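Taking it in order: structure first as structure tokens, then the write-up.
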Amino acid sequence: MANIRKTHPLLKIINGAFIDLPTPSNISVWWNFGSLLGLCLVTQILTGLFLAMHYTADISTAFSSVAHICRDVNYGWLIRNIHANGASFFFICLYLHVARGMYYGSYLQKETWNIGVILLLLTMMTAFVGYVLPWGQMSFWGATVITNLLSAFPYIGDTLVQWIWGGFSVDNATLTRFFAFHFLLPFVIAGASMIHLLFLHQTGSNNPTGLNSDADKVTFHPYFSYKDLLGFILMLVGLTSVALFSPNLLGDPDNFTPANPLVTPPHIKPEWYFLFAYAILRSIPNKLGGVLALLFSILVLMLVPMLHTSKQRGNTFRPLSQILFWALVADMLVLTWIGGQPVEHPFVLIGQAASTVYFALFLIALPLTGLLENKALNWN
């Protein structure tokens, strides 16, 4: 008799995705981040659910309800710290996952890649509306500044902003709808992740060589289920260590002050994982131009498959492209640093230079290097 996991209508889907899935035998630790992102999402949904049981989405009580969670709810401080720092770990895994896709040419699986970019945008939206919920100073002013950017759109801008605010400023209506979005979006992300996996399993995983690995596949379980488990343990140890030893390391001290529309913080800045995009936004002295650059800084990822000029898939055997890839990583670190600095000389100039380099690498340098490497190998 056939095994139930291969015949049961539901179990055979799980079996095909997580147990008997044919997997390239040589995928490295860089392929762990997909499952780590799944773990992050589950952690965030569970901790978020328990926080939502005690949180009140009203401007008069939101800040106090978060304080109440940390002081009076059993292990509320731990749930909140895991949720807040879990977001940081989520984005670390996201950026590493995207970087892996860029380095090894995984973006040539276009459907998987494009759903991945949409997932990145959804996660960024979720994190943004979530940051507003504690209703501290940086929550309020971050919401005001970022939503205000939509007013840059010609003709409909002002109407659009007031529609999102639910009034003439960031107020109670804004907070309640942001809570609704923050509750809903993670489930949308979970659904989109399933589509992401569905597309991935149509083609199978890429591998570090970029070559076809059909001749050398192994079952996902036990080989990679245990390899993923090691990643799970390492990440959970890291997350709990941060949550227990330095929970406010990555937060902004301004958010310990309740929101006050009459007092603007000296430096309005988002959480660290948005600083690179914030630096690109600020480096353009025109409002609409800045907003478009901000959008394009993420959407440029959708152009990467179309700009692939090399006859090889990954960067494994392409030293020039490797140099450019690491230049892009360094550039993003520079942008992250600049995003957290005040708008004054020399930071403005460095930000503009780094933003130019960011787009030049994506749109000009990487495609040209691919052509150059083809020429060097007489593959043109």
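Positions of Cβ are set from backbone N, Cα and C atoms, glycine also.
Marked as transmembrane segment by Swiss-Prot: 33-53, 77-98, 113-133, 178-198, 226-246, 288-308, 320-340, 347-367. The heme b b562 binding site annotation in Swiss-Prot covers H83, H182 and is backed by similarity to another entry. The heme b b566 binding site annotation in Swiss-Prot covers H97, H196. Swiss-Prot lists H201 with the feature ubiquinone binding site, giving similarity to another entry as the kind of evidence.
Using the rule of three or more Cβ pairs under 8 Å, pairs at least 6 apart in sequence, the transmembrane segment (226-246) is not in contact with the transmembrane segment (320-340). A Cβ distance under 8 Å defines the sequence-distant neighbours of the transmembrane segment (33-53), meaning residues of its chain 6+ beyond its ends; these are 69, 79-80, 82-83, 86-87, 89-90, 93-94, 96-97, 100, 182-183, 186-187, 189-190, 193, 228, 231-232, 235-236, 239. Among the binding-site residues listed (H97, H196, H201), H196 has its Cα nearest to the Cα of H182 (heme b b562 binding site). Among the binding-site residues H83, H97, H182, H201, the residue whose Cβ has the fewest other Cβ atoms within 10 Å is H201. Within its own chain, the transmembrane segment (347-367) is flanked in space by residues 279-280, 282-284, 293, 296-297, 300, 303-304, 307-309, 321, 324-325, 327-328, 331-332, 334-335, 338-339, 341, which lie at least six positions past its ends and keep a Cβ under 8 Å from the stretch. For H196 (heme b b566 binding site), the same-chain residues that are 6 or more apart in sequence and have a Cβ closer than 8 Å to its Cβ are T112, I115, G116, L119. H201 (ubiquinone binding site) is 30 Å away from H83 (heme b b562 binding site) when you measure Cα to Cα. The two recorded residues, H97 (heme b b566 binding site) and the residue listed as 'ubiquinone binding site', have Cα atoms 17 Å apart.
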